[in-house]
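Participant: When I checked Swiss-Prot for this same protein, it listed these features:
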type: ACT_SITE; residues: Ser171; note: active site, nucleophile
type: BINDING; residues: Ala58, Gly59, Ala60, Asp61, Lys62, Thr82, Asn135, Asn168, Lys213, Gly241, Gly264, Gly293, Tyr314, Ser315; note: FMN binding site
type: BINDING; residues: Lys62, Asn107, Arg108, Asn109, Gly110, Phe111, Asn168, Asn173, Asn242, Thr243; note: substrate binding site
Amino acid sequence: MYSLIRKCLFLMDAETAHNFSIQALKLAGKLPINVLPMPLNPVEVMGLQFKNPIGLAAGADKNGEAIDGFGKLGFGFIEVGTVTPVAQDGNPKPRQFRILEAEGIINRNGFNNLGVDVLVENVKKAKYDGIIGINIGKNAVTPIERALDDYQICLRKVYEHADYITVNISSPNTKNLRTLQYGEALDDLLRSLKSEQESLSQKFNRYKPLVLKIAPDLTDEEIASVADGLVRHKIDGVIAGNTTLSRDPVVGLKNAEHQGGLSGNPLNTLSTRLISTLAKELNGALPIIGSGGIHSVASGQEKIDAGASLLQVYSAMIYQGPALIQNLAKHIQVR
C-alpha cells in the first residue's frame, strides 16, 4: 500500500510532498478510527510513562498541526517544532532534497514555522494521549548574543502544554546557532534555562523535563564538554542528535552537493557514535534519546545498545512508510 503512496509523493518535490502528507495526516487525525494500532512496549524515562519507546522527531510537524494523525501511526511520543517566538518563512526554496540511492534527505529549512502561539493552540486541541514534546529555537533575526531571550519566551509559552521541552541549539540552518553548543555560551544558556524551568515548575506545580538537542558533528572532546554541562546544570535528557553537515556517506550521489543538514540512513553510523561517546561521558547521569538514521529494528536496537533510552524517527518513514514505526515499537528492547 505505502509503495503506491510513495510513488505518488515522490512525483512531487520533497517539500510539496511533505506539506501534502501533513494535510493528509491532519485529516486522518479527525477520523474516529486508528489508522494503525498503538503498540504497547512501555518504558519510563525522565519520570514520564511512554507507551512505547518510538517517537516522531522534531521537524516533521513544525506547527503541531497533525499530532492526532501521527499519533494514529503508533508513535509512543511526538515531538513538535522547532518553533520560534514569532512566525518566520525560513530559508529560500528549494530547501529540501532527496538522496534516493541512500534513502537520505538534505534540508536547509531554517526553522520555518507559524510561531509559538499557533503551535500552543494546536497542542491544546490535540486529543493524542501519548507524550508530547515541544522543540524550541530562536528566530533568524535574533542576534546570537540575544538567543537566550527567544528560548525563554518559548519556554514560558509552551511549558504548561508540553510533557517535556527540547532546546534546539544544533540545527545547521540558522546562522551561528551551533556556537551555543560550546563553552561559556552553553554554560550560560543551560544555567538560565534551568533557572527558568525551576520557576515555571513552581508556578504550575508540575515539573516538566528539559532536554538539549545536539549535533552529531561534535568531536569527542566537545561531546565531553557538553556532557559535563548537562550534568552540572541538571538537564533532564539529551537528544543525540540532529542532522549532519558531513557528506562523506553520500559523496557523488545526486543532490549530495546541496547545502544543509543531512538526515536519513547516511546519518546512522555518525549518530550511533555520538550516542556511544555521550553514554560513556554521562555514565547514566541522564537519559539519551537516539535520533538519526534509524531505518530498521537492527539499527534502532544498535542505538539502544549504545546507550539510548528512547528513539526518534522521521526521514526513514518517508521512504518506508508507517510500517517501520509499528516494527520498531513492537520489537525494540530497551535495557
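Our numbering is plain: 1 for the first residue shown, then up by one each step along the chain.
Here the Cβ of each residue, glycine as well, is placed from N, Cα and C on the backbone.
Are these features on the surface or tucked inside, and what are their neighbours?
Facilitator: Neighbour list (Ser171 (active site, nucleophile), Cβ cut-off 8 Å, at least 6 residues apart, same chain): Thr82, Gly110, Phe111, Gly137, Leu177, Arg178, Asn242, Thr243, Gly261. Ser171 (active site, nucleophile) falls within neither a helix nor a strand when secondary structure is assigned with DSSP, and so counts as coil.
In the three-state DSSP classification, Lys62 (FMN binding site) falls within coil.
Just so you know, the Cβ of Arg108 (substrate binding site) picks up 21 other Cβ atoms within 10 Å once every protein chain is counted.
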Participant: So which of the binding-site residues is most packed in, judged by how many other Cβ atoms lie within 10 Å of its Cβ, out of Lys62, Lys213?
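Facilitator: The residue with the most neighbouring Cβ atoms within 10 Å is Lys213.
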Participant: Under 8 Å Cβ to Cβ from Asn135 (FMN binding site), same chain, six or more residues apart: give me those in sequence order, or none if nothing qualifies.
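Facilitator: Asn135 (FMN binding site) has long-range Cβ partners Ala58, Glu79, Val80, Gly81, Thr82, Val83, Ile165, Thr166, Asn168, Lys213.
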Participant: Ranked by the number of other Cβ atoms within 10 Å of their own Cβ, which of the binding-site residues Ala58, Ala60 ranks first?
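Facilitator: Selected residue: Ala58.
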Participant: Round to a whole number and give the Cα-to-Cα distance in Å for the pair Arg108 (substrate binding site) and Lys62 (FMN binding site).
Facilitator: 14
Participant: Counting other Cβ atoms within 10 Å of each Cβ, which of the binding-site residues Asn242, Gly264 scores lowest?
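Facilitator: Each of the binding-site residues Asn242, Gly264 was scored by Cβ atoms within 10 Å; lowest is Gly264.
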